[in-house]
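Here is what TrEMBL says about this protein:
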- 31-147: domain 'MTTase N-terminal' (DOMAIN)
- C40, C76, C110: [4Fe-4S] cluster 1 binding site (BINDING)
- 171-418: domain 'Radical SAM core' (DOMAIN)
- C185, C189, C192: [4Fe-4S] cluster 2 binding site (BINDING)
- 421-485: domain 'TRAM' (DOMAIN)
Amino acid sequence: MFEVATTKVHDEARQGEAYAPFDNDPNLYQRRFYIESYGCQMNFSDSEIVASILSAEGFGATRNFEEADLILLNTCSIREKAEQTVRKRLTEFRKLKKGRPSTLIGVLGCMAERLKSKFLEEEKLVDIVVGPDAYRTLPQLIAEADGGQKGVNVLLSRDETYADISPIRLNSNGITAFVSIMRGCNNMCSFCVVPFTRGRERSRNVQSILKECQDLFDAGYKEVTLLGQNVDSYYFVPDETAVDNTIPGDPAIKPGVVNFARLLELVALISPDLRVRFSTSHPKDITDEVLHTMAKYENICKYIHLPLQSGSTRMLQLMNRSYTREWYMSKVERIREILPGCGISSDIIAGFCTETEEDHRDTLDMMEFARYDMSYMFFYSERPGTLAQRRYEDDIPLEIKKRRLQEIVEVQNRLSLESNLKDLGKTFKVLIEAESKKSKEHWMGRSGENKVIVFPKGSSNYKPGDYVHVKVSECTQATLLGELV
Ligand code: 5AD
Ligand code: SF4
């Protein structure tokens, strides 16, 4: 009965998947594109922007790469393994290209940005290389590639947010959608390649975010997840002179600063029937104001992804995370105080440079303290160009990294089960997302706290997008099972 694993060694788990989001009539489009996305939610969200740009150029989507004129891979660089997966996939496309040389192959995203034109030397079959801030130039790059030239644009931007582009929802369930609210990252965590691949942080225009959320709600969507590398540093000053400075849900907004708490509130005000989630928060930046805003609106989900990375203050310093073990603990306490029952999840890295057994034990201890409902857990993978790669030796042997990771996974598995056991007998408001993958007789949905709940459809006429109340009667480590009440 596992819908999703709540505890996973998350190595590009949600990779692959091709999409056929819009009309499949072969006569409607002159050319077809196929796109696969790897890595974080931001990448999946970017692929929807790319789909929109391509559809305006007359491209239709296909789920079958063998019939595509343009094959795109939206890539991730966060760990070495993510890059290896993409390389492997490219060798499969190489065979296809031999039989159909006119097929164009493009690499998008973080790996494109990291390797730039080196990609074209290393992978000769690739025709197009486009970084995360250059998707608007895809049509020109495709035209160049059609003419036999290689097309490369990896310029990073200080202001590109694709604010005016209405994403085409790919592989959507029609109920939940991601909305990108900012791009880039200024944090400079020493292990992380993101500041180099996605550039400086910038916030998207508040009106365009609210319009996208309103449009989604009008189209029947019931949940939006506001996405950014560090959502708590969202900061936007609406333009006083803009022709339309009104904001849905708050026509009287005064020109002034919109911070993340205010943005959350404005999105929540669109409708009480629209659930609001967000990811990712940085422990140093999430404010009481955000927590109080969450408490104030029932439709803001009580769930926070609060990456720890390490429970040792010494490690956190080397990681350049700008908080200590004690600071993190006080954040967790604050969340529990203002939002009792709030779901909390984490990202954890095992075996960062110089990590001792004592540092590792600090991480395990902190997991027990925070009682995470779920974590994404990794062992450290050195990335070229990062601060850690330049400053510290990657000195923890692979076997030790793996053993520590395994211990972290074991603690998390137990914590996830304990967290689910605590929910037995409780009733949750659940948004139905889809039929259970395991059974046509069951619905699958989520609680506000982000727990997956599966329950029998019974004789009810409910459908995806409906809110129901479900009483939990059983659980596994990953899933709650219940009955409609
Ligand atoms: N090695 C292992 N894990 C990493 N992450 C980021 N960079 C690395 C790396 N070099 C993890 C962090 C981050 C998550 C998205 O990926 O835990 O929060
Ligand atoms: Fe991977 Fe990070 Fe790029 Fe997302 S932003 S695709 S996680 S490297």
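Cβ coordinates are placed from backbone N, Cα and C, and glycine is handled just like the others.
What TrEMBL annotates, mapped onto the structure for a quick look.
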residue : record                          : DSSP class
C40     : [4Fe-4S] cluster 1 binding site : coil
C76     : [4Fe-4S] cluster 1 binding site : coil
C110    : [4Fe-4S] cluster 1 binding site : helix
C185    : [4Fe-4S] cluster 2 binding site : coil
C192    : [4Fe-4S] cluster 2 binding site : coil
Other residues, Cβ within 8 Å of C40, C76, C110 Cβ centroid ([4Fe-4S] cluster 1 site): Y38, G39, M42, N43, T75, S77, I78, A82, G109, M111, V194, T197
Between C189 ([4Fe-4S] cluster 2 binding site) and C110 ([4Fe-4S] cluster 1 binding site): CA-CA distance (Å): 17
Residue, out of the binding-site residues C110, C189, C192, whose Cβ gathers the largest set of other Cβ atoms within 10 Å: C110
Cβ-centroid neighbours of [4Fe-4S] cluster 2 site C185, C189, C192, 8 Å, sequence order: N187, M188, F191, V193, V194, P195, Q229
Counts of helix, strand and coil residues, the domain 'MTTase N-terminal' (31-147), according to DSSP: 62 helix, 25 strand, 30 coil
For the binding-site residues C40, C76, C185, the one whose C-beta sees the most other C-beta atoms within 10 angstroms: C76
Averaged pLDDT, computed only over the residues in the domain 'TRAM' (421-485): 96
Contacting binding-site residues for ligand 2, chosen from C40, C185, C189 when the Cβ sits under 6 angstroms of any of its atoms: C40
Listed binding-site residues with Cβ under 6 Å from ligand 1, out of C76, C110, C185, C189: none
